[in-house]
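Student: So that we are looking at the same thing, I have put the structure below in structure tokens.
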Amino acid sequence: MGRLVFVSFGLLVVFLSLSGTGADCPSDWSSYEGHCYRVFQQEMTWEAAEKFCTQQHQKSHPVYFRSSEEVDFLVSILKFDLFWMGWRDIWNERRLQWSDGTKVNYKAWSAEPECVVCRATDNQWFSTSCSKTHNVICKF
């Protein structure tokens, strides 16, 4: 009887430790507020980071943020400063308009599309060339 109680208690402890958001994440992934994160200290272009994240998990993409608390959580597990965010082509041509309100239909950009990188130490976001290489955090 005592052994049954001990085993039952052990199973209860295991169940309670797995219940919650952590149980939904694959091993090697961290959980926060119902999302799963995996930090990769591996520099790559933004396009490669997007592809890499979807290879790690079908629903995964470079990280995006919903709150400053989410950023604080990620900073606590990071070992590097700069990483790609899941934001690309911030000067989205479909939304551009001239100051008089007319649509931009002629373009002569001198650079390629821009992507966004985050500096973890102070949560500052910067636009940069998508062809540069930075680390990536995948999220789903």
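The backbone N, Cα and C atoms fix where each Cβ goes, and this holds for glycine too.
Just lifted these from Swiss-Prot, have a look:
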type	residues	note
SIGNAL	1-23	signal peptide
DISULFID	C25-C36	disulfide bond
DOMAIN	32-139	domain 'C-type lectin'
DISULFID	C53-C138	disulfide bond
DISULFID	C115-C130	disulfide bond
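Mind mapping these onto the model and telling me what they sit next to?
Tutor: A C-beta separation below 8 Å, combined with a sequence spacing of at least six in one chain, links C36 (disulfide bond) to D24, C25, P26, W29, S30, H57, S60, K139, F140.
Mean model confidence of the domain 'C-type lectin' (32-139) amounts to 86 (pLDDT, 0 to 100 scale).
In the shown protein chains, 24 other C-beta atoms lie within 10 A of the C-beta of C53 (disulfide bond).
Classification of C115 (disulfide bond) by DSSP places it within a strand.
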Student: Roughly how many Å separate the Cα of C115 (disulfide bond) from that of C138 (disulfide bond), to the nearest whole number?
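Tutor: Roughly 16 Å, rounded to the nearest whole number.
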Student: Sorry to bug you, but what's the C-alpha spacing from C130 (disulfide bond) to C138 (disulfide bond), rounded to the closest Å?
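Tutor: A Cα-Cα distance of 17 Å.
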